[in-house]
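As given in Swiss-Prot:
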type	residues	note
ACT_SITE	Ser121	active site, schiff-base intermediate with substrate
MOD_RES	Ser121	pyruvic acid (Ser)
ACT_SITE	His126	active site, proton acceptor
ACT_SITE	Cys149	active site, proton donor
Amino acid sequence: MLGLENKLKLYGFNNLTKTLSFNIYDVCYAKSEREQKDYIAYIDEQYNSERLTRILCDVTESIGAHVLNISKQDYDPQGASVTILVSEQTLAVKEIDASCNKGEIDILKTRDTVVGHLDKSHVTVHTYPEYHPDNSIATFRVDIDVATCGEVSPLNALNYLIGSFDSDIITIDYRVRGFTRDVDGKKLFIDHKITSIQDYIDENTLKRYDAMDINVYQSNIFHTKMLIKEIELQNYLFNRDVYEIKPKQRLEIENNLRREMIEIFSGTNIY
């Protein structure tokens with residue numbers, strides 16, 4: 001069976017574009033508007049552009065690519081974005097465009113904003129904290145895209161990405177576009193076997209989630225959604241202890257959290 005480790009022999013450069021879109025949702029119970037704002041401020045600090053940059057640099061390394069340029073920004077009142085331009089092979093300094101900062105740390109420390117450019121191979125992340133004063137639940141979404149061309153596969157970064165965030169709901173999309181050719185000139189529209197994104201996720205991780213697939217094999221489109229199975233209430237309380245809450249209210253909070261997760265997972269207003 002051909003997988004990521006079994007490479008086809010190709011003619012010329014591998015022109016396939018592989019794109020992984022990865023969204024995680026973290027849900028929290030914050031009763032008052034003050035608690036909600038404090039949660040958003042906490043999340044905003046925890047996942048600022050500096051930390052996200054480190055995560056994306058690790059992603060770049062895990063897929064076997066090399067950083068050419070980093071662009072990052074923290075937003076007011078909240079949120080952050082990071083974009084990294086990557087290359088499949090190591091490039092000599094003289095081959096790198098003068099506008100690229102190569103991810104040098106000194107540059108990141110001396111500028112609030114680093115502006116660069118994109119290419120076909122890039123890694124991006126955006127964060128979206130959210131709450132409503134009429135609802136006791138706040139959410140935090142991280143949107144990551146890993147797009148590569150050539151032999152580099154973004155699927156290699158999946159387990160690292162899942163482990164980098166507190167994820168109650170995960171949605172993953174993977175698609176392959178373009179074509180390359182084998183040595184005999186035959187077109188190849190995908191260069192590895194894949195039946196499900198779940199095949200690339202650690203078994204211990206999958207045990208913690210209910211997962212479902214929606215795949216369009218003839219179009220090389222793969223989609224997986226994951227919903228956390230067990231709710232440990234203490235992990236969802238912000239600045240509160242579960243023992244301060246009466247048992248009846250605990251059950252109500254758990255039900256509200258589960259309803260919120262189910263609606264996000266299904267993409268539908270159910271309740």
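Don't overthink the numbers, they just go from 1 along the chain as shown.
Each Cβ is built from the backbone N, Cα and C atoms, and glycine gets one as well.
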Sorry to bug you, but what's the C-alpha spacing from the residue listed as 'active site, schiff-base intermediate with substrate' to Cys149 (active site, proton donor), rounded to the closest Å? 6
For a quick check of understanding: among the active-site residues Ser121, Cys149, which residue's Cβ has the most other Cβ atoms within 10 Å? Ser121
